[in-house]
Amino acid sequence: MASETIPITVEFTGGLEMLFADQRKHSLSVPAKDERGQAVTVGWLVHYLCVEVMKDPRKEMFVLDGHVRPGILVLINDADWELEGEASYALQARDNILFVSTLHGG
Amino acid sequence: MESASASAQALREQIAATEARLQKLKDELAQVEASDAARYLNGLSLNGGPVTPQNGSAKWPLLNEEYQRYGRQMIVPSIGIQAGQLRLKSSSVLIIGAGGLGCPAAAYIAGAGVGTIGIVDGDTVETSNLHRQILHSTSKVGMRKAESAISYLKSLNPNPTYIAHTEHISPQNAQEIVERYDLVLDCTDNPASRYLISDVCVLLSKPLVSASALRTDGQLIVLNSPPLPPGNEAGGPCYRCVFPKPPPAESVVSCGDGGILGPVVGVMGVLQAVEAIKIIVEGKLAPSPEIQEGLKATPTSMLLFSALSPQPFRSVRLRSRRPGCFACSKDSGLSLEGLQSGSLDYVLFCGLASSANVLTPEERIEAAEYAKIREREHLLLDVREKVQFDICHLDGSINIPFSAFQGGAKAENDGKVPTWLPESLPKEAPIYVVCRLGNDSQVVTRKLKESGLDSGGKRWIGDIRGGLKAWKQQVDENWPEY
């Protein structure tokens with residue numbers, strides 16, 4: 001069932017939305033399995049967003065050295081992904097994945 | 001015209017002088033009132049028995065004026081007097097940064113009757129601050145921010161003790177400043193000072209209320225609360241627990257570059273005051289030993305504010321203290337001695353923006369020189385963001401924002417003629433790159449030359465040194481500087 005997909009919501013805030021066509025909220029249908037037949041994870045999603053969704057050339061503002069750039073928090077259903085297994089968390093239908101760029105102005 | 005501007009100048013001077021006199025009178029009044037209060041308090045401690053001073057009775061722990069001033073907040077059930085108002089009065093709060101966050105935070109902290117308030121800021125007031133930094137005013141442009149803020153706060157509430165620290169926080173002065181206070185508000189505007197302030201608060205066991213804002217977004221987080229010693233996992237996480245690695249310097253945008261909506265940063269400063277009052281009133285400044293024993297790991301949360309979102313407030317759950325954290329774990333590499341000796345370079349840790357002097361002097365032109373060759377065939381490329389280009393731009397210039405030149409994908413276009421280059425432009429006509437201050441224009445110039453657009457040196461490509469700021473200084477004094 002290679003065509004099986006799961007619906008998720010991806011959101012960007014703190015200026016990251018500027019890298020994603022100025023759109024804060026993206027409703028996506030992503031494949032349920034990756035190319036090796038494994039359930040897709042948040043780590044897989046980061047790569048997918050970079051390749052499939054992000055049109056802006058500034059990839060390094062989102063992913064640096066293969067990891068989400070320092071200064072970006074990843075939240076799975078409003079909880080720090082470090083509480084949920086980080087990149088290895090397997091995506092579930094209707095998950096909300098929020099990417100927050102830290103602000104420094106004041 | 002001349003006589004009109006002369007009389008306007010005379011009026012301005014007269015207003016400034018009168019305002020200075022008014023301020024002097026206010027300061028004198030505040031001093032008289034403060035010594036009145038001191039006399040009253042002395043009488044209170046000397047005479048334990050019932051006395052009947054003019055302003056009420058010594059059995060009341062607050063001044064008559066204070067009952068009126070703080071009454072509306074004292075009758076809130078979660079505040080009250082014993083746990084609430086008296087705790088506020090005996091507490092001390094340090095506000096680091098008297099800008100868009102620090103101004104509203106300080107106004108509410110002072111208004112609430114916190115006993116001692118310190119303000120740290122080494123900057124002076126600028127006109128571009130006034131839309132959001134509400135303690136400063138037009139007549140205070142050029143004044144030290146810490147002093148300007150305190151003069152406002154004194155007129156708002158003369159009761160607290162105010163301390164101005166008219167310098168930036170640094171590893172060398174941080175301990176001396178922070179150790180005098182119970183609680184710290186981080187109202188600064190850059191990652192280096194945020195790491196420094198967090199580290200000092202961990203070392204000195206102070207709760208830290210941190211906020212930040214940019215454009216239409218804000219973030220708020222309470223750190224090191226409860227403020228338990230490094231190694232105690234029950235303490236609240238510190239800034240390094242949440243952000244172990246600093247962001248690359250290129251990704252850090254200041255309010256000066258990215259913009260800021262006044263009430264957005266105002267909301268965040270006000271929320272910092274709310275959190276500070278909560279910590280004080282709930283008795284969480286320094287938890288008692290019993291509490292320290294019984295506590296489990298304390299996760300924190302971050303409040304996100306997005307003014308343009310349909311649901312502007314959102315709270316997300318963050319981690320507790322990070323095992324192995326450089327600052328607050330049992331393996332901490334921090335010490336007050338290390339801080340003093342300068343062994344930690346926070347500016348270096350956070351990285352320096354690399355844009356200064358990318359080009360050689362031959363690749364740059366002064367604004368005044370450029371003004372002379374405007375008639376010749378050339379292209380002026382303005383690399384500011386469109387929103388800035390729309391405010392003002394030089395006639396004939398075309399706008400390709402700096403962000404369009406960033407990122408690795410551009411390399412694919414190397415060797416091709418960019419689509420924005422007018423076909424009518426002769427192959428050897430020079431290209432001048434301009435931006436606001438003359439930093440981004442250097443980076444773009446370098447990129448254009450590396451892509452081969454200079455035809456191996458046949459076409460001159462360079463930037464205008466100092467950008468449009470220099471244009472205003474050297475060529476057109478009526479140019480709008482924003």
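Just so you know, the numbers here start at 1 and follow the chain as drawn.
Heads up, the Cβ atoms here are built off N, Cα and C, so glycines get one too.
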So TrEMBL lists B:Gly100, B:Asp121, B:Ser128, B:Asn129, B:Leu130, B:His131, B:Arg132, B:Asp189, B:Asn190 for ATP; which of B:Lys89, B:Lys145, B:Lys206 goes with them?
B:Lys145
Over the coiled coil (B:1-35), work out the mean pLDDT and round it to an integer.
76
Cβ-Cβ neighbours of B:Cys325 (Zn(2+) binding site) (radius 10 Å):
23
Residues of the parent chain within Cβ reach of the coiled coil (B:1-35), under 8 Å, 6 or more residues beyond its termini:
139, 151, 154-155, 158-159
Identify all same-chain residues not among B:Cys238, B:Cys241, B:Cys325, B:Cys328 whose C-beta atom falls within 8 angstroms of the centroid of the Zn(2+) site's C-beta atoms; report them in sequence order.
B:Ser198, B:Val202, B:Asn224, B:Pro230, B:Pro237, B:Tyr239, B:Arg240, B:Arg321, B:Arg322, B:Phe326, B:Ala327, B:Ser329
Which residues in the same chain, at least 6 apart in sequence, have a Cβ under 8 Å from the Cβ of B:Asp189 (ATP binding site)?
B:Gly97, B:Gly99, B:Ser212, B:Ser254, B:Cys255
Of B:Leu130, B:Cys435 (the recorded positions), the residue whose Cβ has the fewest other Cβ atoms within 10 Å:
B:Leu130
Which chain-mates of B:Cys241 (Zn(2+) binding site) that are at least 6 residues away have a CB under 8 A from its CB, listed by sequence?
B:Arg319, B:Ser320, B:Arg321, B:Arg322, B:Cys325, B:Ala327, B:Cys328
